[in-house]
């Protein structure tokens, strides 16, 4: 029963996340011209392909609703492409959980480091390992992941959405305040039109990583509505509102962050290498990040959990390990002698499987806790296939665009709209490959500088 405004609100909260923290660094690598232009280009492509995807909600011939992305891919492109889409989605979702764990641990370290610098001075050496905080994050996620019917915990999504707006607004406000105070740029390389000065190859790789960060921030695949007729028209309006609002917000955060720090813009604007004062406000922002990402981790991981458990149920339908629920009743003494509540249920597969998946994500995050490079790799992996390729190919199938059509003089030529769509596909693929190469190169250099599981910030 959604409307344009409720759908817009859901989309905005889905788009605006931890990726906003890297935009100042991304614009610093590209400069005042290429940085905002790249961000605007990704947003424009996202808006265009979201309109194409909105038209795929109802099948053009049967009128059947496609309630999930994979259902739509299967309806228009077939079973094989549905499997390919599912694999990409699982890789993206698993990668996102790793990115969320890294970001949350960095924010927890930033709180401790901020307090240390406040007490001992900004020149003090305050470095802490992220391992302990990643373990704590993993333990918390294991506990939360065992909650059955997680989709009913709507309050957690609402809380996470509020937190994302709050910390992004704090970052923007601090950047604006620093620019307005006139203290920005002192002792730093001034902001430039061409970005950070570096030798040729280093600059190219940094630019590729920055492009990947921006792609991650702008990644979005349209949701659907089950309400009024012409759902696609409602979703197109909602996508337009949401993408416009998020783009303006991203431009403000990225540009003011770059103006505040110049070419020394940190990879994470709210980390301890960014703002120092007021320390309590920075601590509040990082607490908001942690709360947001605890919820975002679960929202991202739940589809992976459910897909794995559905597969296991189909394969072993008679196994008690897979299907049986054991009820755990809490002792009445805990509640002061009053009657105990009904308790909760535990499923062995859910307990073992979800714990294993969260543990794997935590271990990988401990091995490669590098914020910008991980975000860039996630952007490269997810943006082209999910935001561009599948919507474009489904639109081609829906519109019955053939690769070659009759032309004048008996010759045959491809239709112009087919050429344009395939050109968009090709350009985004090349950009995604370049961003992935930049991210992998950055990860390899980071691993040379820091031993796995020994990273300190």
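Backbone N, Cα and C atoms are what each Cβ position is placed from, and that goes for glycine too.
If you check TrEMBL, you get these features:
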type	residues	note
DOMAIN	2-400	domain 'Amino acid transporter transmembrane'
TRANSMEM	12-34	transmembrane segment
TRANSMEM	86-111	transmembrane segment
TRANSMEM	154-177	transmembrane segment
TRANSMEM	241-259	transmembrane segment
TRANSMEM	279-297	transmembrane segment
TRANSMEM	351-371	transmembrane segment
TRANSMEM	377-397	transmembrane segment
TRANSMEM	418-443	transmembrane segment
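For the transmembrane segment (351-371), the partner stretch with the highest count of Cβ pairs under 8 angstroms, out of 86-111, 241-259, 279-297, 418-443, is 86-111. Residues 19, 42, 45-46, 49-50, 52-53, 55-56, 69, 72-73, 76-77, 81, 85, 88-89, 91-92, 95-96, 99, 211-221, 418, 421-422, 424-425, 428-429, 431-433, 435-436, 439-440, 443 of the same chain lie 6+ residues outside the transmembrane segment (377-397) yet bring a C-beta within less than 8 angstroms of a C-beta in it. Count of Cβ pairs under 8 Å against the transmembrane segment (86-111): among 241-259, 279-297, 418-443, the largest is for 279-297.
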